[in-house]
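Encoded as structure tokens, the structure appears first; notes follow it.
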Amino acid sequence: FVSYQVEILDWKTKKQLCFLDKVEPNATIREIRLMFHKLYPRWYPARQSIKLDPKGKSLRDEEILQHLPVGTTATLYFKDLGPQIGWTTVFLIEYTGPLFIYFLFYFRMPFVYGLDERFTSSPHPVVNLACICHSFHYIKRLIETVFVHRFSHGTMPLRNIVKNCFYYWGFAAWLAYYINHPLYTPPSYGKKQINFAVIMFLLCEAGNFSIHVALSDLRRNGSKIRKIPYPTKNPFTWLFFFVSCPNYTYEVGTWISFTIMTQCVPVGLFTLLCFIQMTIWAKDKHCTYLREFKDYPSLRMPIIPFLL
């Protein structure tokens, strides 16, 4: 066979970092990353972005050298992604914080509302219910992180963990402060409003979990091949008929129901921000599906059936 020569340049300075000789044509980008790692131990594979063009997209691990638009002397570009952290660790940190932060306000620790209100409990049952629902939501997320989710990308930049934690932990504190405040007033329509919200909350949580399981089943045996997700026998997955990212649809529904349950303005603002962010993610994923699959169902919208 004809062996390849691979030249790896710095994506910014175009300075040659290494020259790999006699590389097999069927070598994958992952194998090239490992060769590069041997020469530069501090740049472990997850930290490397290998590209065909300095401003192009990173090549996937499974791409094969001889299938790339390069000659027998291939020029690739390296970008340092910075220190990385595993997605499982990221989610465990992000979701454990809100769980315990909420309890600080629920149990009214002395430094929260003042000494007069320390360790007292709210007279409103909806406050206890809100704590149960909030805790359930994040415990579910932690269980999914450990037992359900399969990540297409193994890591994310370490610097992002601070931003993500500030978002999740900060909003958890903001919501909990007002819901558990001694002056909090329950919803206007009383039990009817609360019961409706609880039913909606549980249905959305069940739907979200069902979608995550369905997506996880697409990546059995560690496969990283992208596939079109389709509805299963589980009725909660039938939302796939109409949207590309029903997990986001159910997630937004969960927070809408929590807003109705607590009738709290900060919860409503958090729900709005969640909707905006998840719409951005859903549109991006929807476009990726359309680009990668010519037979992608035309009826689907990113996040809201028939609308958005």
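Placed from the backbone N, Cα and C atoms, the Cβ positions cover glycine too.
Under the heading domain 'TECR-like N-terminal', TrEMBL lists 5-80.
Taken from TrEMBL, the feature transmembrane segment covers 85-107 (among others). Remote same-chain partners of the transmembrane segment (85-107), defined as residues 6 or more beyond its termini with a Cβ less than 8 Å from a stretch Cβ, comprise 119, 127, 131, 134-135, 138-139, 141-142, 145-146, 149, 151, 153-158, 160-161, 164-165, 168-169, 171-173, 175-177, 179-180.
Residues annotated as domain '3-oxo-5-alpha-steroid 4-dehydrogenase C-terminal' in TrEMBL: 155-308.
Away from its own ends, the transmembrane segment (166-184) comes close to residues 94-95, 97-98, 101-102, 104-106, 108, 112-113, 117, 120, 122, 124, 127, 130-131, 134, 262, 264-267, 270 of its chain (Cβ-Cβ under 8 Å, at least six residues beyond either end). Summarising the annotation, TrEMBL assigns transmembrane segment to 166-184 (among others).
Look at TrEMBL and you will find 196-215 (among others) tagged as transmembrane segment. Taking Cβ pairs closer than 8 Å, the transmembrane segment (196-215) reaches residues 129, 133, 136-137, 140, 144, 148-150, 187, 229, 232, 234, 236-237, 239-240, 246-247, 249-251, 253-254, 256-258, 260-261 in its own chain, all 6 or more past its ends.
Sequence annotations record features per position, and here TrEMBL assigns transmembrane segment to 235-250 (among others).
Annotation source TrEMBL lists transmembrane segment at 256-276 (among others).
The helix, strand and coil residue counts that DSSP assigns across the domain 'TECR-like N-terminal' (5-80) are 17 helix, 29 strand, 30 coil.
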